Amino acid sequence: VIPIMMGLLGFVGAGAGMVIENVGVTNALVISHFLPSGASIFFMFMVFAGLVAILDSQYSSVANMTGHDIYNQFKMGHVDLQIRWARGGMIALALVALMVSHIPNIQILHLFLFFAVLRASVWLPSMISFLKPEWINEKGMFWGILIGATVGEILFVSGKLGYTDTAFLGVLVAVFGSPALAIGVSKNPDWIRLK
């Protein structure tokens with residue numbers, strides 16, 4: 001509902017003939033144009049609350065992933081370090097976010113596309129594990145998504161920021177490489193040995 005309503009604000013602005021230089025703030029400008037100033041303040045508060053909720057969700061996810069999934073994969077005899085791994089994951093997430101925010105010429109659109117490619121790399125392996133659970137095991141799912149998403153994102157981001165012409169290749173690697181690797185590692189677990 002929220003993406004549809006936010007998109008409709010763009011159509012309202014276009015229908016009213018508004019000329020907006022920075023399309024990243026279209027919604028705020030449309031609201032400030034048609035409604036009193038209090039509505040703009042309320043809208044900014046809602047956007048801030050939504051971003052804080054997303055941040056909280058990301059911290060919870062990365063803490064669970066590093067403190068449980070990755071810790072159990074690589075603990076190698078160490079016990080009771082889940083909390084340290086979870087805290088380390090949250091600190092790493094904050095550092096990565098700071099690095100991303102300082103990339104020259106990055107726009108909000110690039111971030112949305114970045115996460116769209118990331119979601120696409122998870123989608124097919126998840127559907128295969130739901131429809132054909134005998135094709136994929138936990139190790140295959142972990143490594144397939146991790147490698148496919150990482151390589152795909154690197155190619156996609158370098159292409160979108162203008163360093164190379166690999167944006168479309170990055171999408172293909174993320175979408176089709178993740179399930180191929182997930183199935184391949186599930187069928188041949190000796191491809192990746194860490195212990």
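Placed from the backbone N, Cα and C atoms, the Cβ positions cover glycine too.
Copied over from TrEMBL:
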- 38-55: transmembrane segment (TRANSMEM)
- 85-103: transmembrane segment (TRANSMEM)
- 109-130: transmembrane segment (TRANSMEM)
- 142-161: transmembrane segment (TRANSMEM)
- 167-185: transmembrane segment (TRANSMEM)
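Within its own chain, the transmembrane segment (142-161) has Cβ neighbours under 8 Å at 69, 73, 103, 105-106, 110, 113-114, 117-118, 121-122, 125, 136, 167-175, 177-186, 192, counting only residues six or more beyond its boundaries.
Most Cβ pairs within less than 8 Å of the transmembrane segment (109-130), among stretches 38-55, 85-103, 167-185, belong to 167-185. Distant neighbours of the transmembrane segment (38-55): 2, 27-28, 31-32; these residues of the same chain sit at least 6 beyond its ends, with a Cβ under 8 Å from one of its Cβ atoms.
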